[in-house]
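Straight from Swiss-Prot, the features:
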DOMAIN    18-443  domain 'Ketosynthase family 3 (KS3)'
REGION    554-870  region 'Malonyl-CoA:ACP transacylase (MAT) domain'
ACT_SITE  641  active site, for malonyltransferase activity
DOMAIN    918-1191  domain 'PKS/mFAS DH'
REGION    918-1038  region 'N-terminal hotdog fold'
REGION    918-1187  region 'Dehydratase (DH) domain'
ACT_SITE  950  active site, proton acceptor
REGION    1654-1680  region 'Disordered'
DOMAIN    1686-1761  domain 'Carrier'
MOD_RES   1721  O-(pantetheine 4'-phosphoryl)serine
């Protein structure tokens, strides 16, 4: 746009009404490389036609998808108006991960960026809209990307839902910008964009929103709709619009986005917005019943246009220009032009010689369909705002179907001026479904100038210096923005003040911020260029918003010594606020001291101490006034010495005049002692300085006057004493520097002034409580709220300045930004030392500097405050005009495009097999001169000929049933196969070419990897024969089977018998979804009822009805299970005959399997439900798969027991110097102390964690040892369990909060033996220990359980990074999981864990997911009487009819239909009376005595250790501990046949957030030991996650967390197979989990898995050799320093980039929060895995939560490496 005369207004013009809407911002992205409004306007004026060919990548998947597409796509219109790089998007700017960006419709991406640009064009800080009621209405109509992604069903992912939905476009904008107003997608076909504008207007008028973002977007990705429009004749083959032209034959489709920002005109004027145009009115209608739904309707268009004019209160004859829809269709254009003529032309009485101008933007940028209306509106706005009638592109000969001679309309051929005073335009839009929209706009109101105002060139006052801000979401972007600004600022004529204003409050303020302070344009450009080069300058600021930013800044008013000759002179002349503050105290100072502060500052008269004191105060209150006038406000204040007076004034305790009175009277008294004192700054801590004074006998003559920092202080006293002390310190090489003063401030020298000062100021001040936080440096308690009365100012004069205390208090209160308000920084260094000592990342910076330009310094300080994130009202300092011409955001685009799996097009092999028919028959070729037929196809993941998964050793293979089905389909005449040999499975590990060859009845399947083509192209060496056989057409006798009699003959077995068996031998999944619903027999004969499509009805089978593969797959799979007694994975190897009855494939069938006596040959008959045979497989032989574990081996891989091998001892032990015991005094404590004292280790005993507050836990070599001691009464178990956990948590929290180097050790005795209730109470500590070790390894030493009275010195000193240790016979041992050896199988046991029909079984947590699954399994296993105990219970049975949605009721009904009797008892056994209440409930049931108990009750409330509360912890602990003890009371040991506890392996592996849950489960494990010691038949199952069930049910996050720990979940069936397997072994704790494999020489993520994690067999290859070579040459990790930091930053950034799928580590901003870059909770688990692998350091699960950026992680790893 050449110029933008739109303006902000004072008073509204009388012709504008309250319903007028201001258009204040616009942006677009259109074909022809149009990226801005200016480029769009230039394209219109130059009549540019942006049409062209569609980019090749758009339709490429459709060429691959189906060979038939190629021919049709060649006939489809491929020309149109396309964006250059539709796939490009700046994902990182919006904090969107590459993975999510790839799954987002490009329309969402474009709309997001263009919306941002529109808001910037409007001069709105986008980030300021967060939380507002801003509305978003976006027109959208294309679902091309959605179809592309969702039709690739195997590739569908969760994010594709919102990522490709229409609603996702406005909703994504609202979500990203945190907008809370209406957010709606508008689909009105081609009218969508203008309808969205209408809805935005309505939302503003209704008061729903104060701002509306409206527009439309369109993307042309797939050919489908273009093909539709081709068929309908709507688009022209040339892909070019020719609106109003006689040659028009249809439209050219266009893509892009256009967005406008709307606000009520009255509010836009108040807000100082620059109005581009006024939306006077709009209307939307529908053409109703017409000749056809897609036929345009002239009458409807006229009606809607007149309604819009009526709403706008505009005379149609005052409208000089109409932007028509004008798609260039033969029917649409004449109809629309006639409607326009009726409303605006001759029909309205317009003279022919003054025609209404019309035009259409479509020949320039195409028909954007959903974005067409908003694009037309932008063109119209540009026309009225620039006062130009825009010329029509592609217009030569007027359309002869239009009555140009009489309609009083004229198409604009060339650029012409718009001379009317009041420029108005109409905009038309309609959709092919009948929606009609119309809008009326008017030029922006002109500004109202007063009579004295200059009209013409605006004269700006000199606002130098200038503060220019810019910011970015990531630090790397700052350079690009600086470069862009430098170039533009150097060329533009816009006033620098306007540019500064725009950047300050009309641009978004991101986390990474820069600022420069410049006196003029040349300096600004130079500084910006330095910023673009990442160089530094004294007047440049580069910061990231601090964590302390929101808290605000602490203003620190320093004391004596900051003065310099010309201080304040510049400010008196240029800052009214400064002059006002100083002048307000001038008379007071004159009266008391007989001099004028104003004159003294003007003349630089600061020679005497009294003037220095008063002028220090004057400068500070003046600077405070200036800072506040420029929008800064203190959040807290600190005063240093005399600076406390100005601090108290700033805090509201004193008036400025009271402060002046105090400082003047004090200064007058200082004249009495001037010349008698001196002060020196020394490099000694205040404590060391006191010792030094004592050594030299100077304590009476010299005082520690100022506690400057932890390592420095100021000494004050008489001149001789200071001289002597100074020399003595220098002799000791202790730095001492003179303070420029002749008064011994804050020393006994001033005692003589106390009474005179009190007398002088008494009654003259009325101190108030501070209005903001005020830290004292005169009181020992910095937060003291003492009134700043007369006594306070006496203390302030004499007592030491406790600056360090005040700064520490502020840091403890989470302040971190300090601004020294003084004429020169004199205490910044000291404050910085305190900040560093506190291990804070706080900052301190000055307001002014000696001999530097004062206004420039103040602006620099404001810039520092803002860049650190301190709240500032920027409008207070930047109050002038602004310009929308400041460049918008620089996008860093990367391509994001989902490559869908639509197959790969091969030369001459474009026809692939029919996936739904489950065959591999592709393109058919007849070999000339022979009877050989060949079919060729390509097999890969996208052409998988079966719907499920069929892995073998982790490699997906094609099921044998598909191969058999393929052979049967090689000819319609075939109904049988003979002599089938299945040699090698067809693997799907890589794309391969398949050939099916049929020759003289013999068929074979051969393949070759595509990767091998070209290498052996002329040989047969790379072709592999998989399966051979003969096809036949034989008559065969079909037998029948009496189904009912066979069922009675064979024993009933659970339906999952075959699939359970297959899973146990390593086949967890089936290639087809068949399901066994009934199963009989498990010996030499079996009968199975199979549903091949259990989720489908007879009429909706999800595959071709001609496919025999699903039922053949069930037959071959079930057939192999007949050998279950000798479990090993078997695959079909040979088949004598397969026979079928063509056309009679049943959905539900019976499979009758028999084995030939004495042979390994299986015969399978496939029968319909009447028992008639429809197919058979005879003579099927199997081959065992080498290396596949058998059934027992497979279950053994799930069930493990705990072992305790000796721990590895470190060569250099921990230097133990001090042990702080937390324990009651006891014989054990006494023995430990005596043992340690012999080894020269000091000891302290505190009775509880609170006692640690008084202990020094920061000294080297110190540990905290917690010794639990409880009661041997069983009834006290729950109480002490809670107490022990609570105390350990308190200690851990204290150490974490203090950042103490001391580690916590928990020392128990006899816990693992579990012979006493006391050891039982300690059981939860085992689980708690592992969670603390996981979340806070920095404070955890270990839990050590001992078997004697000796202190476990070996464990504490020499065992490193082990969370739990067992010391037995003085040997430290560590926990490891081991497989349960077969030698432990126990036979002939008297007791069992298997339920029977005679028993009564009780399940706690019985209505929970695991409880119900246990109930189902027990009934399946024979149980017929169950009692389900639950806290919530169920409604009375009479109400069950209304509770169909309750899964518990549904399950119970099913179990009762199976013959079981189910009783539900509502009882909370975690309560103190839980046992009694449960006993009463059982008595009422009057059932036989309980035979077995399953304790599955539990509650989960995840909380991190540092955040957990005792209430929450106990809620989780109680069901496990109190619940188990209640059952223990009801069912003493040896009174049950079995007792089963449901625990969790999470406490072994340290799952974060599960401190309470792990503690409860660890108790159950100890409880199992405790009862086992008493002869009970009990087992505790430490479960991993069950897929989709329980409190740790598998979710994406849980699965990722499990994998990070080195394990995975188990299925429900696997869990109960593990139960059955575990009961064969005499183990009391069965750990059930599946360990993930690691490399042959690799290390599992957790040491406890070391002995059970499978090892991958290393492959010897050239690639491996190269890899090893690369590893061996890898540079060593630097030891420390900058090299280590750089190494870690690169390594961690690479891990982050890998997790987020970023192009490279360079795209990772080390200071940006990972969540802002798009990382979610699942990704954090993956990142931990990458970090552990890369850096060989164990990473706590909570690390990334507490270390949110790469820089934070670098700091953590620096300490670890």
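Every residue, even glycine, has its Cβ placed from backbone N, Cα and C.
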Nearest-integer angstrom distance between the alpha carbons (Cα) of the residue listed as 'active site, for malonyltransferase activity' and the residue listed as 'active site, proton acceptor':
80
For residue 950 (active site, proton acceptor), list the number of other Cβ atoms lying within 10 Å of its Cβ atom.
23
Taking helix as H, G and I and strand as E and B in DSSP, count the residues of the domain 'Carrier' (1686-1761) in helix, strand and coil.
52 helix, 0 strand, 24 coil
Predicted model, mean pLDDT over the domain 'Ketosynthase family 3 (KS3)' (18-443):
92
Write out how many residues of the region 'N-terminal hotdog fold' (918-1038) are helix, how many strand and how many coil, based on DSSP.
15 helix, 49 strand, 57 coil
Local Cβ density at residue 641 (active site, for malonyltransferase activity) - other Cβ atoms counted within 10 Å:
26
